[in-house]
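As written in TrEMBL, here are the features:
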type	residues	note
DOMAIN	14-283	domain 'G-protein coupled receptors family 2 profile 2'
TRANSMEM	16-37	transmembrane segment
DOMAIN	28-192	domain 'G-protein coupled receptors family 1 profile'
TRANSMEM	49-67	transmembrane segment
TRANSMEM	87-108	transmembrane segment
TRANSMEM	120-142	transmembrane segment
TRANSMEM	168-192	transmembrane segment
TRANSMEM	227-247	transmembrane segment
TRANSMEM	259-282	transmembrane segment
REGION	300-335	region 'Disordered'
COMPBIAS	320-335	compositional bias 'Polar residues'
Amino acid sequence: MPPTAPPTELVPSERAVVLLSCALSALGSGLLVATHALWPDLRSRARRLLLFLSLADLLSAASYFYGVLQDFAGPSWDCVLQGALSTFANTSSFFWTVAIALYLYLSIVRAARGPRTDRLLWAFHVVSWGVPLVITMAAVALKKIGYDASDVSVGWCWIDLEAKDCVLWMLLTGKLWEMLAYVLLPLLYLLVRKHINRAHTALSEYRPILSEEHRLPRHSSVADKKLVLIPLIFICLRVWSTVRFVLTLCGSPAVRTPVLVVLHGIGNTFQGGANCIMFVLCTHTVRTRLFSLCCCCCSSQPPTKSPAGTPKAPAPSKPGESQESQGTPGELPST
């Protein structure tokens, strides 16, 4: 590791952008948790995994928010605490992201169901919470977490750059799992998409004799696009931290380029916001229910009066509108 350069403080505009990214990510993660709590019929196994990923992203965004807000200039107890929380949450987020991809692969390609899937979910909990916790506790006990001069972060604390084996601990506390995710996520989703395309091709041979309700739904193309977007968004968000990590190892002054610092700050903190966009705002069932909930909250206010003093009658609803907004009890959101 090259010698540590003088610390560089974030300019107000950079800090504001990264803080906004943290806030939006926390809001998005909270919205994912809220939708899971509001509608029990949407609690599929994949959505439960997404819930745990959202919890990890929520903790990660909160710890990063505190780190960027403080913009540490040296080692302190709250620097170590913030670094430990962000290390645990960030590493756990990697594991849960890969766990969702692995679950979709086993469910769709391998058709895993029943008790076998339940055991798999328990294994995901043990690995995705247990491994990051053990690594973080070891890093704290050995005093590896501390001030890093913002060379491999954006104002928050992580691994102390003055530690002799700091590169090893950077790999163990994040970078190793991040790089593995770069490989595993595209591979798993590529296999899932290949299986779906093969199923589409096989079903298209029988399409002329199928009734309209048994034909491939229009939403299948939307699900296919999401399967491509999940690893693509993950890589686009996380690649900037990897670039700065490599530049730090090379001792390049480009590690402090303002644009690169901002992209790193957004990429590390906006995972919860990106998941909310894909699985809430871009999912028809959840989006419709949220819109209906907002309409109900607005309509619960007292009716306004017309100029003549008589209350306005509510606009008549279209036939079947209430049934469509509520959705069927067994309806599951698309991937």
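Just so it is clear, glycine is given a Cβ too, placed from its N, Cα and C backbone atoms.
The stretches the transmembrane segment (120-142) and the transmembrane segment (49-67) are in mutual contact, each linked to the other by at least three Cβ pairs under 8 Å (pairs 6 or more apart in sequence). Mean predicted confidence for the domain 'G-protein coupled receptors family 2 profile 2' (14-283): the pLDDT average there is 83.
Outside the transmembrane segment (259-282) by six or more residues, the chain places 10, 14, 17-18, 21-22, 24-29, 31-32, 35, 47, 50, 53-54, 57-58, 60-61, 64-65, 68, 90, 93, 150, 153-155, 222, 226, 229-230, 233-234, 236-241, 243-244, 290, 333 with a CB less than 8 A from a CB of the stretch. Per-stretch counts of Cβ pairs under 8 Å to the transmembrane segment (168-192) identify 87-108 as the leading one among 16-37, 49-67, 87-108, 227-247.
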